[in-house]
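Here is what Swiss-Prot records for this protein:
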- ARG206, ARG207, GLY208, LYS209, THR324, ARG600: CoA binding site (BINDING)
- GLY400, GLU401, PRO402, ASP424, THR425, TRP426, TRP427, GLN428, THR429, ASP516, ARG531, ARG542: ATP binding site (BINDING)
- VAL553, HIS555: Mg(2+) binding site (BINDING)
Amino acid sequence: MAETAKTAVLQEETRIFNTPQWIIEYSNSYQWMKKKGFKTEKEMREWCAQNYLDFWDEMAQTYADWFKPYTQILEWNPPYAKWFLGGKCNVAHNAVDRHAKSWRRNKVAYYFVGEPVGDTKTITYYQLYQAVNKMANGLKSLGVKKGDRVSIYLPMIPELPITMLACAKIGAIHSVVFSGFSAGGLQSRVTDAEAKVVVTSDGFYRRGKPLPLKPNVDEAVQNAPSVEKVVVVKRVGLDVPMKEGRDIWYHDLVKDQPAECYTEELDPEDRLFILYTSGTTGKPKGIEHAHGGFCVGPAYTTAWALDVHEEDVYWCTADCGWITGHSYVVYGPLCLGATSILYEGAPDYPDIGRWWSIIEEYGVSVFYTAPTAIRMFMKAGDQWPKKYNLKSIRILASVGEPLNPEAYVWFRNNIGGGQAPIIDTWWQTETGCHVIAPLPMTPEKPGSVAFPLPGFNTDIYDEDGNSVPLGYGGNIVQKTPWPSMLRAFFRDPERYMKEYWQMYWDIKPGTYLAGDKATRDKDGYWWIQGRIDDVLKVAGHRISNAEVESAAVSHPAVAEAAVIGKPDEVKGEVIVAFIILKEGVQESEDLKKDIAKHVRSVLGPVAYPEIVYFVKDVPKTRSGKIMRRVIKAKALGKPVGDISALANPESVENIPLIV
């Protein structure tokens, strides 16, 4: 068996958490299963995998509205897929127009909650429809046409989804750039996309202070010759320079525009957006997604995995600068006609109870966030959520990285009242929607993402293209295409082929390599182990970084952990752990030894961290992923490379030199 298959599971999670029967029976997926006559969840998942074209056809008919029906579900010429051939659609029609012209016209689409306490706004579907139409007409007045790119560099304010939807409506391609990126990060993305227009704001709020954003755009577009216009939202009232002939205020652009705008009837393969992935060196990867797939994948998974219903108040805390914001703040919930929270600010401003106060005030019933936030709340203590009434919560969900078992238990008990299932989701910018996740009916193992969702043929391969046995790990692959899959890298077909399809091309052409690895335990539950290159090689054993980190976090004094391998002449690598302690815990040499012993007791001697450091923070992306590449480079005295994607670049200095 190839070496990747030898990444064995060191620890078996035996705890099972079952969902209350009323939540199961209420869930969208359970009701579909019963309607179809399946007796078990396993039977349903297997049928949907084997009959994936029939399944996706039904999802496309259920969750999307088509101007013209498609005549062919899929044309698959690996590595290129075309879905819903012959049809006509537009995701803006599905997300906004059809609701504004139905009984939902006065239903709330977004409760906007600004960072300043009390800065709130309610936006109905009809109001959203009018705002999108005005902005769409505004963009057209600036010369934006079908296929043109529009870069969006905004904080989490209503104008962000409005501009995304306005682009979609007229067939323009949006490219959202996270507002935390510097001018350099923005410039590379605007230049690569050849954006005609950039939409930004004067500034944004961070922990109560208005900070400028527009100057980053001014700097970035100096070296972006494609940019003709810059549209500026007046958010914080800062005095910013406006370049005559190029810059225009958002409110001036839209104020006299008609509140009606024709929605382009598009081919399902027409591009909806380009989103640049970050965190690696070199040129950013512009991942292309299409209208047809985004009319289906995010809506289906919002309904099935997150179990969002008509009467729910749903909150995904992600920023729209990332794929989670695209799929689960904008397109998924809006295509369902759901009511969502749109929150601008930090999770702990003005205090660490801010999110819980929003859940209490708005009666949030489905709450989707990231492990890094959950661990931050754990560190602050149980007393904070206890101050608030969180009984409205029915479903919890997690995204961004594996949710370690201790954080799972804390989240379920303290936020979910010991009742709410936690939908721990694995997916990627490239997949467009959830791929592996429990359904509300799934018995859950803390730390596991359970099973591939209905409609996906997902497997774990060794390097020779063999499906690995239970108890072993390897590379996550997709054996068949799916509607919301990436269509290409923007103007880089060679990289697209090399990165995702080349690995198994000679053995099983059309096999998608995700770049992440996973294991399956004896019960078939999936455990995400991080990136393919995130593996420790200790004395001939291959050990997952994530598994060692999870063991460290199960120590009562530890809030968060990151581990790397340090080269060693004898063992190949020795394990080095960087530990963030819980509030009030005192650092000591004895505690370092105790944490190392604890990891050994949980995972065995092979996983013993020979070196333990206490740090205040570790480098993470804005989506909460620990940047082990950066930690390892800094610790070993090597160049750290591109750190523009870090949420906390100052944390790099916390990492000591260990050579």
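Please read every residue number as a count from 1 along the shown chain.
Using the three backbone atoms N, Cα and C, a Cβ is placed for every residue, glycine included.
Annotated features, which come from Swiss-Prot, shown on the structure.
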residue : record              : DSSP (3 states)
ARG206  : CoA binding site    : strand
GLY400  : ATP binding site    : coil
THR425  : ATP binding site    : coil
ARG531  : ATP binding site    : strand
HIS555  : Mg(2+) binding site : coil
What are the non-local neighbours of THR429 (ATP binding site), defined as same-chain residues 6+ apart in sequence with CB under 8 A from its CB?
LEU275, THR277, ILE287, TRP322, ILE323, LEU486
Using CB atoms and a 10 A radius, I'd like the single residue among the binding-site residues GLY208, GLY400, PRO402 with the highest neighbour count.
PRO402
In the structure shown, which of the binding-site residues LYS209, ARG531 has the fewest other Cβ atoms within 10 Å?
LYS209
Cα distance (Å, whole number) from LYS209 (CoA binding site) to PRO402 (ATP binding site):
33
Name, in the order they occur in the sequence, the residues of the same chain whose CB lies under 8 A from the CB of HIS555 (Mg(2+) binding site) and which sit 6 or more residues away.
ASP594, ILE595, HIS598, VAL599
Using DSSP reduced to three states, classify ARG600 (CoA binding site) as helix, strand or coil.
helix
Candidate nearest ARG531 (ATP binding site) in space, where candidates are the binding-site residues ARG206, ARG207, THR324 and distance is Cα-Cα:
THR324
Just the number: how many Å between the Cα atoms of VAL553 (Mg(2+) binding site) and ARG600 (CoA binding site)?
13
Alpha-carbon distance [THR324 (CoA binding site); GLY400 (ATP binding site)] in Å:
9
For THR324 (CoA binding site), which residues of its chain lie six or more apart in sequence with Cβ-Cβ distance below 8 Å?
CYS316, ALA318, TYR368, VAL399, GLY400, SER623
By the DSSP assignment reduced to helix, strand and coil, which category contains THR324 (CoA binding site)?
helix
In Å, rounded, how far does the Cα of ARG206 (CoA binding site) sit from the Cα of THR425 (ATP binding site)?
29
Cα-Cα separation of LYS209 (CoA binding site) and THR425 (ATP binding site), in Å?
34
